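Database features, via TrEMBL:
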type: TRANSMEM; residues: A:12-32; note: transmembrane segment
type: TRANSMEM; residues: A:52-69; note: transmembrane segment
type: DOMAIN; residues: A:62-162; note: domain 'Ferric oxidoreductase'
type: TRANSMEM; residues: A:81-105; note: transmembrane segment
type: TRANSMEM; residues: A:117-133; note: transmembrane segment
type: TRANSMEM; residues: A:153-170; note: transmembrane segment
type: TRANSMEM; residues: A:176-195; note: transmembrane segment
Amino acid sequence: MIARLNATLRRLPPGAVYLLGLLPLAWIVWLTLSGGIGVDPVKGIEHRLGKVGLWFLAGGLTITPLLRLTRLNLIRYRRAIGLLAFFYIALHLVAWVWLDMGLLWRQAASDLVKRPYLVLGISAFALLIPLALTSNDASVRRLRAGWRRLHRLVYPAVLLGVAHYLWQMKVISPEGWTWAAAVAALLALRFPGLIRPSRG
Amino acid sequence: AARIAAAPSPYSTEAAPNTLEEITSYNNFYEFGWDKGDPKAHAGALTTDPWSVEIGGLVEKPGSYDLADVLKTAAPEERIYRFRCVEAWAMVIPWIGFPLAALLNRVGVQPGAKYVAFETLLRPSEMPGQRGPGIDWPYVEGLRLDEAMHPLTILASGLYGEELPKQNGAPLRLVVPWKYGFKSIKSLVKITLTEREPRTTWNDLQPREYGFYANVNPAVDHPRWSQASERRIGAGLFAARQPTLPFNGYGDQVASLYAGMDLRANY
């Protein structure tokens, strides 16, 4: 069953994943134009972009455990998924500065340094910048083993991202706790010996 | 719903109200869920008839008052008020209601009373949010007696000329326009006059973030965000934020209530 799935996936080029990854954006644009985004389109757009970014970040973290636990091989889509996560998180930031803060740079900047949850969010984004910049074959070749070490920055980035998401809530919702548990589980899988004695 | 004949009020703002659609689809009413769309989706099942309000504590005529009786206290007025949520968004809402002071005078406030405590309905069978964790139900709020007696403070039972929609706190809610929206407790079942400052739900949950007074104040930030400006719901995708006014623009009428108080300490 998994072997058949892997064989089928061989016919899906990573380029298609980029295209599929733009569907959430198309959906948000459609909701905005049709009025379905709700009576507060600013928050609707901003929160949806952040949530999609989180889905892609967490999605990227499921690829290795999936391979290890089920032999389903999605490795060649990981770069697309990671870059899509970066793309949506960048748009989330743009939505905050432009739509939410209305380009009130001074208020945005003072909020940014004073508010822990914003600091967490922007730190997560900052950690993702070098990862996005080195998401190309040339960088993988040039950095060798350093590339893998560098890309472990995605672990703190996703932790910061989830903390940012939970911290902005007035009271942490059940959905928030589900995210925290899911990301904690995905990160726990990284530590060898915790699930099964393998390395990586 | 039946139309409610309401007299215009000099306390109304000139600002254009938000649409009924906006006012009824963007609500924080955690009894019905966490999302702003949840109250509209889930409040329909709430039984609002029969309804009574228990009035007790330091009053001359305590008892359980039927809603129809409560509504007979004073003639309904239309009060078009600015509404400012602690989350830094704002609307303008055409409430229909009457001054809380009229009800308090009717039941007779005893001399020792200094505060008024309010309580929302507790009915988990019809309020799905009350079946989940996070908040110690029922929702409770409170005002100082002079705040409660202020002519701007009303009990609202209508909106846009009709009965109050359930997601907006039917059948009876408090509206205190110079305070953050969470003070304006919804679906009111209990009013108690007390000598001591009553506990309030958000203050219990996060005392550093939500004080007892919760007056709209652009100079005192919420620990997690600035209160200097606000987004007007319905203003459009690229609208500028508008500056937040002290006491939500009602300073001329209410600032004197807080003369001599440190509003940074009493946030």
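Placed from the backbone N, Cα and C atoms, the Cβ positions cover glycine too.
Touching of the transmembrane segment (A:52-69) and the transmembrane segment (A:153-170) is concluded from the presence of at least three CB pairs under 8 A, sequence neighbours closer than 6 excluded.
The average pLDDT for the domain 'Ferric oxidoreductase' (A:62-162) in the predicted structure is 91. Long-range contacts of the transmembrane segment (A:117-133) within the same chain, counting only residues at least 6 positions beyond its ends with a Cβ under 8 Å from a Cβ of the stretch, are 82-83, 85-86, 89-90, 93, 111, 139, 150-151, 153-154, 156-158, 160-161, 163-164, 167-168. Sequence-remote contacts of a segment are chain residues at least 6 beyond its ends whose Cβ falls under 8 Å from one of its Cβ atoms, and for the transmembrane segment (A:176-195) they are 54, 58, 61-62, 64-65, 69, 155, 158-159, 162, 165-166, 169.
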